[in-house]
Ligand SMILES: O=C(CO)COP(=O)(O)O
């Protein structure tokens, strides 16, 4: 069965609650497309108003992060149960900005992935290499390590339902997109890794996005590749361009 494309915006630390609602309303008609899944991953404080503003539309809401503990004394953190209760369906886990600036390691991310599934959220697990790693020729070794650690103990059925985002760090926010061939090669490598860890059926089902300077101009070429099942879009998700990415065909 063909995998349905999933185009997700990652708003990062942008948009106040009132700006968020204004953006949702601005994009409402532009992002209509029932052939793809459309997701807005928004800052925690924007979740409640964005869930409200997207009611009755084709857009689902995601979080950009969460903590793995159930509840308790974890000042500043947000639990999976809070996200679910607020109407969130997806959660980004292990974005390179969190791995880098907030020192999130694979053992923590594995706990977050487990908790997300336990709560009924769909994880969007990010992986990707630095420029130095690419130049050293260890891109796939590094990504395989990330995936194997972050998915430890996760079942085949869970993996079938999740999303993996390949985001080369050197392409994030730099305007320097991976070529569609480079992106395809790694997305295929990720699928092969899933096949090895689980089986062919799981590898065929899991959706793999590309992220890194995706925009209205390059989306169609990237999304035409056989192993690229969608995009995780940063900068271009904050403007009308996002509608063009969703309607890339
Ligand atoms: O990090 C990204 C999405 O998670 C990509 O960001 P840009 O699209 O701004 O490069």
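Yeah, the Cβs are placed from backbone N, Cα and C, and that goes for glycine too.
Taken from TrEMBL, the feature active site, electrophile covers 95. Residues or ranges marked as active site, proton acceptor by TrEMBL: 167. Per TrEMBL, substrate binding site is recorded for 10, 11, 12, 173, 213, 234, 235.
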Open item on the list: Test of understanding: give the count of other CB atoms lying within 10 angstroms of the CB of residue 167 (active site, proton acceptor).
Closed with: 27
Open item on the list: Please identify, from the recorded positions 12, 95, the residue with the sparsest Cβ neighbourhood, meaning fewest other Cβ atoms within 10 angstroms.
Closed with: 12
Task: Residue among the binding-site residues 173, 234, 235 whose Cβ has the most other Cβ atoms within 10 Å - done: 234
- [ ] Could you check the binding-site residues 10, 213 and say which one's CB has the most other CB atoms within 10 Å?
- [x] 10
Task: Around the Cβ of residue 11 (substrate binding site), the count of other Cβ atoms that are within 10 Å - done: 22
Open item on the list: With the Cβ atom as the reference point and anything under 6 Å counting, tell me which of the binding-site residues (11, 12, 173) are near ligand 1.
Closed with: 173
Task: Distance, residue 167 (active site, proton acceptor) to residue 173 (substrate binding site) (CA atoms, angstrom) - done: 11
Task: 8 Å Cβ shell about 10, 11, 12, 173, 213, 234, 235 centroid, substrate site members excluded - done: 172, 233, 236, 237, 238
Open item on the list: Measuring Cα to Cα, how far is residue 12 (substrate binding site) from residue 95 (active site, electrophile) in Å?
Closed with: 10
Open item on the list: In whole Å, how far does the CA atom of residue 213 (substrate binding site) lie from that of residue 167 (active site, proton acceptor)?
Closed with: 9
TODO: Tell me whether residue 11 (substrate binding site) sits in a helix, a strand or coil according to DSSP.
DONE: coil
TODO: Round to the nearest Å and give the CA-to-CA distance linking residue 11 (substrate binding site) with the residue listed as 'active site, proton acceptor'.
DONE: 15
Open item on the list: Roughly how many Å lie between the Cα atoms of residue 234 (substrate binding site) and the residue listed as 'active site, proton acceptor', rounded to a whole value?
Closed with: 11
